[in-house]
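To keep things clear, I will list the structure first and then write my remarks on it.
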Amino acid sequence: MVSEICQLHRVSLVLHIHSLIYLLLQIRPCQGMGATTGLPFSVPLGTSFTKAHTLWMQSENEMFQVDIREWVDDGRSQCMGGVRYTFKTPNALIWSFNSGPDPVIGSDCALHLRNDGVLAFEYTPQVPNNGSSPLRAVSWQTQTAGLGVRNLSLLNDGNLVLVDAGGRIAWQSFTVLHDLFLIPAGLKFFGNMTLYDRVALYADFSTPGCYALSMGSEGSLIMFTRANKYVYHTIGVTNRSENYSVVNDTVAEYIVIRQNISFYDSRGVLLGNIPHNVLNDDPLPNATDLIGSALFKDGNLMINRPSDQNHNHHLWYYNSSINNFCAFPLVCGEYGLCNELSRSCSCPPGFRISYEMPACTATDDATQKCSCPNRYKMPTFNSTCVPADSSSSFVPISVTFPPQPSSLTVASQAECSDLCSRNSSCKAALFDSSTSSCALFPILYTMTVPSENNSSQIMLLKIIAPETSPSTSITGIIIGCVVAGLVTFVIVGILTIWRRRRLQDRHSLLAQERFLQELSKLPPRFSYKELEIATDNFSKKLGVGGFGSVYEGLLRSPAGIMKVAVKKLDQAGLATNSTMDEQFKAEVATIGSVSHVNLVSLKGFCMEKSARLLVFEFMPKGSLDRWLSEARGNYRHQYTHSSESRRQNCESPSDQTLLRKVLNWELRCRIALDTARGLEYLHHQSAEHIVHCDVKPANILLDNEFHAKVGDFGLAKLMASDRQSFAMTTLKGTRGYVAPEWLQQANITAKSDVFSYGVVLLELLTGRKCISAEHDHLATWVMKTIANESGVKANLNTATTLDLESLDTSFLQQKIMDHNLSDEDVPADVFKRMLIVALACVQSDPGERPSMAFVVQMLEDIMGVSYAQPSVRLANYSAHMATISSSDFSSFSVSRSAISSVGQRSMDAR
């Protein structure tokens, strides 16, 4: 870390030298030949890299390069770019500039470091819009405008960073990676990341293949095929540490690969590891040696490093060792049955064997690479199975199959078959009677025949009728037309009667079924009867919200009995039934699409006739506002997964004192960081960017250890990848927490959540409500208090900068800090720095607020759990008190030196 910091500080000194080198050197790197002498490791603003450029970047240790390639496949231009290992053959990328793992369909790709500090990967789309000249499009870009970026640097560990004039990191690739082709040593591989195998489709450059690897929800590494998400192998902890606890359901949050594969929980505690299995006589690498982990074309995870003597030769240290003949998904092609004992392939009923490989073109979906081994240079299979007899459709076949995380809970084999039959994309369904689960597949590869005919797993194949001969086709058409005419006549008559009687219900049911057919990746669907039993006829109410009530329940799962919170949406108070349906679908689609340790997880749902219910994980400590309520009068017990709470039984004064004491400084810091991490995942790391739109203490829930999880996505907005904002036509947030732009009818962005989070952080620090009768809006009160102490006079027409750096820390603790906290337990400097972060979040101008990613980094730096610290630029705290409180007051801002000190002191102290 020290060497990296030194390297960053040297950037500003060598910037002009590298600019000169960049302009004068005319050395083109020899493709596939390794490192090139003279390439810069740092370039200034205004730099552009294209496929035809004479220069790329290279790290100082000559192990990593920035690369861009372009090729034509079946008349379609494609390109990719990213950071690669210099000595890999082929020169595979570690990660790509593309918005996804696959190549960009277009030409003239270029990487630009724009003058505003944004790094962007641009290209020209394949087809011009409306026949006009083709327009440039942006495949991927950083959100770093206005952060003072001065140059782009490639570090010795392969991390690509944007650095400001002071040598501070404003953005780094290691914090935003999602799609990887190699896992560098030391990188934290989280659940939102995916590793893809590589296909050498273009010269010495590689594109993603058909295999992938990611962290599963149970804390293990899962290896699956891209086309159908079929999990063919799982890698879990073998050597467990003393921190691993089955009783406490400890699961791994991420892995780090060096010599071994090490598993860590969300707190960074080592749970265990998988030891290396050295595959050569070379001694184990040193801690400083660069190691890469990749999926190979046979589907195995391999760990290796370049040899010191020959960088084109690799030394191998680990193989996931999928050794069984039938364990490889492609061994018997599509729909093939594999016999492990005889090591042979056959076809199930309704299929016939074929020795012709499927044909693919460049216009096919990239996930079909598994089915086209010759074209994409994948492992070939000798035969495959093609449909032959549709009368065998859904004939049960006994198989042995790995557990599938995407499985749904069903009551019977018939229900599983029905789910597949009603889903047009489903070609096969796996029913497991031991777990009452059903997994749907859009395409199926090799199935294993059980050694004994006692398997609990049944595969159901949907078979489409094969093509017939011309004469048979003509006869069939005639007969079909006659039958179709008669059937149509009958159906029209029935539908006419039905339409008169049940038109509205019919439309509603059809809409439900269309929606449910899209839920193949979402949690289980429960019947209303199951949830009625689980909640003891909805007898124990936890809270009441705007769209319904929340009840405590107990559900049986494969892992045992689990406590859940069941949210029952009520029709009362809603304008129409469609309003309730839209609210329900929004919550299911949004919550079910994300998974993170700091987000409340959706365990299931019910959509049965008029019943709409959501099943959440149970959070025993309830919502944060329960613990922040002022200790006066009756204490309200609030537990909810909705936007409102109701008054419960009053607690005694002694209980109030106990509750206040439990929420000490350490727990407040933990809650602040957990909440920020949850929002960071929604904004920056989920598959689609999500804006919560209602961040407040009532929507922050706590577990037994007071770890926080963000809940209630009923108002959340999905952000398309090509949009950064959306218009909010009506105000749906909560007064006191909504950002000023909501009330000004401006576009809503992720920075609106940042404002709300800043208010919550101020509540944690001060113990005050965001709005009260005695004080202004909380942010206004804090600013006024600081201004009065500093002797700064407010001016209604101008902005005023507050210098927190020179402010007495004891004053902040005395006047602003929650009086229920002890000065001895709260480091004064830490309190001040967290206050600066909170005030940075509640600035009026959304562009001046830090992103949640930066907030997380600042908090981690303050709490000493991270190494990276960005620089956050602050401008004037513009006047917005007229929109969030009843009082007019002049505007303030925090000095830039104050916010810079939030992270700089921790770095200096290391």
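Using the three backbone atoms N, Cα and C, a Cβ is placed for every residue, glycine included.
Listed features, source TrEMBL:
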DOMAIN    30-175  domain 'Bulb-type lectin'
DOMAIN    385-465  domain 'Apple'
TRANSMEM  474-498  transmembrane segment
DOMAIN    536-863  domain 'Protein kinase'
BINDING   K568  ATP binding site
Cβ contacts within 10 Å for K568 (ATP binding site), all chains included, total 20
Averaged pLDDT, computed only over the residues in the domain 'Bulb-type lectin' (30-175): 81
K568 (ATP binding site): secondary structure state under DSSP, collapsed to three categories: strand
DSSP on the domain 'Apple' (385-465): how many residues come out helix, how many strand, how many coil? 12 helix, 26 strand, 43 coil
Could you give me the DSSP helix, strand and coil counts for the domain 'Bulb-type lectin' (30-175)? 6 helix, 68 strand, 72 coil
